[in-house]
Amino acid sequence: MKIQKGLFFLQRSIKNVLRKIIKFIKGYVKDIIKEINVKSLKKYKYNLFFEFIGSFLFVFFISIYMLNSNSNEEYIIKHTKQINPYKTNDILIPGHNNFEAEINNIKYMNNLNQERKNVVASILLEKYDNEYKGNNKSKREVERDDDKISNNLQNEFEKDNEKKKNYDNINEKEISTTSDGKIKDMEDPKNISNKNENYDNTNMELKNEKINNKVNDEKNIKNEDDINNKENMLKSVDKIIFKEPVNEYSKIKIEDINNINLKDIDQYEVLKNSENKKSSNHAIYSFVGCFIYVIFILLGAHINPAYTYALWLTEPKKYGFALSTLYITFQYFGGIVASIICAHLYGSIFIYTLLPKKEIIKTFLCEFISTFLITLLLLSLYNYKKKFMEENKNDESLTFNINKLRNMSSLYNFNTYEDFYSYDMFSTNQNRKYNSFLYIDNKYIKYIMNHIFYLLFIFFSLLFFVFVTNTTLNPMFSTSTLYTYLYYKIFKASNSFKIYSIFISFLSITKIFQLLIFYIQSLPLWIGPYFGSAFAATFLSLFKENEEEIINIIDTNVYSSYNKKKEQIPLIDKNSAKQNAYLIEYNDNIHNNSYNYLLPSVF
């Protein structure tokens, strides 16, 4: 019974959750339909055009900067799933390997896609044959030297024996002819035999020393040859790499990383070697990209999907879901076109330069913090512009309204009715300055200076994050990278372009799995900016103040007779044709003396 009750409660709770989710989705879809029906999207055509052009130029120049900055660094590839490469034959980096050079006197073919196994086997057999021939030659040379040394020693030993026999004969003759006293003075034959034995020992020691020196010299020569061969192999490699021994890396050029298949990328560890980094003037590309970003921000473009969604969270009524999605679509479209063109010019290197390996947390934190700060600055600038435009939408600082003076003279004194800068609006002396040919109020000068300060601060912050920390600050880069990879593998791989073959290729489970792996590996570059922008929008909402005063209105001549309910309407800036004179004067008073009624926002 308890189990049945528990299952019934679980089933009922799941149904309630599903109903709430379906209800929320239906309401959201209705809101989107209302937004599309109410808003005329044609008036946003110039905004969408600026989004496309700005995203295209920004991604293009920043991609060129990243490509040039990374091309001056040597990349190191390590095979992580192989213990001893020499025991299981040398491994070739997978991919399309096209080259015309010779490495260690080994000839290679240009196309390895067909008969790959036969080509690799022939390469390895040729290499092992050369090693075997070299070892046999060295052994034969050592044996020849040993034979020569032994023959020389044997000849010398025979000559010594002949000398010894001759010497013995001479001694016998001398013994027969000389006296007994002279025999004592002659040398003992035992001493002669001892001398011969010492001579033989010295000859054997010299022989062993010569052999040892010969072997050591040959070992040193072999080691030097191996080192020279490794150095030549590292320097002359263009498209293909033989793996080095354990704990050693194979250096390759950055273009070779593009030849690694996506399914085999987990088998390799891509590292950077900044020791060989050379000076270059590629920093100008980052400067131009950041300058373009600031210029299009000044024109009203966003050029960042994360910032667009932050505006949607800040003002969901103005930037609805449909409009925000349309903005982001044009941003992605411009970025993808720029990345494909950049890949045609410089190669698809950034597919792997932007792919994080074993530093996911570090990449996520860099993207999160940098995007949070940039979005905070952009939202602060947006709120400042919005507040200034609302306060000065009637442009009364340049043109004085005489009718308003007559309407407000019955309620307020001239001395108390002052503007934001605390000078009398009704003073006749102040009106003389409007008679000049060109007059700009101080608040407009202040607005322009603050605007320039915001833009410069955004420019240098963006330049710092891109140039120093090498962060993208934009999920559009990762999307452009993914679609550029698809372009290279699908569109450019085959000579004949067929649309139906592309759709069929996406039905492959292995390709879908590869794309999911690529997406997960580059996930910090996607989630970090979105999290940073959302956190910035939430942070600013904590300091947001209510700019509208809501009061209850009793049914008067403002409303028609059929409206019998009490309603809450905003009193400020409520332009209605049925308002009475008191409400008009009250609204005008609050509009021109907003500092007495409203607190200024923090940002």
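Cβ from N, Cα, C; glycine included.
Residues or ranges marked as transmembrane segment by Swiss-Prot: 40-70 (among others).
The compositional bias 'Basic and acidic residues' annotation in Swiss-Prot covers 135-149 (among others).
Taken from Swiss-Prot, the feature region 'Disordered' applies to 135-200.
Marked as compositional bias 'Basic and acidic residues' by Swiss-Prot: 156-190 (among others).
For 191-200, the entry in Swiss-Prot reads compositional bias 'Polar residues'.
A Cβ distance under 8 Å defines the sequence-distant neighbours of the transmembrane segment (282-299), meaning residues of its chain 6+ beyond its ends; these are 50, 53-54, 57-58, 60-62, 64-65, 68-69, 378, 381, 455, 458-459, 462-463, 466-467. Residues or ranges marked as transmembrane segment by Swiss-Prot on the basis of an author's statement: 282-299 (among others).
Per Swiss-Prot, transmembrane segment is recorded for 321-346 (among others), and the stated evidence type is an author's statement. Listed by sequence, the residues of this chain that lie at least six past the ends of the transmembrane segment (321-346) yet keep a Cβ under 8 A from its Cβ atoms are 28, 31-32, 35-36, 39, 41, 44, 47-49, 51-60, 63-64, 67-68, 302-305, 308-309, 311-312, 476-477, 479-481, 483-484, 487-488.
Residues or ranges marked as transmembrane segment by Swiss-Prot: 360-393 (among others).
Swiss-Prot lists 442-471 (among others) with the feature transmembrane segment. Note on the transmembrane segment (442-471): residues 62, 65-66, 69, 283, 286-287, 289-291, 293-294, 297-298, 366-367, 370, 373-374, 377-378, 380-381, 384-385, 388, 392, 397, 420-421 of its chain, located 6 or more positions outside it, place their CB under 8 angstroms from a CB of the stretch.
The transmembrane segment feature in Swiss-Prot is assigned to 509-542 (among others); the stated evidence is an author's statement.
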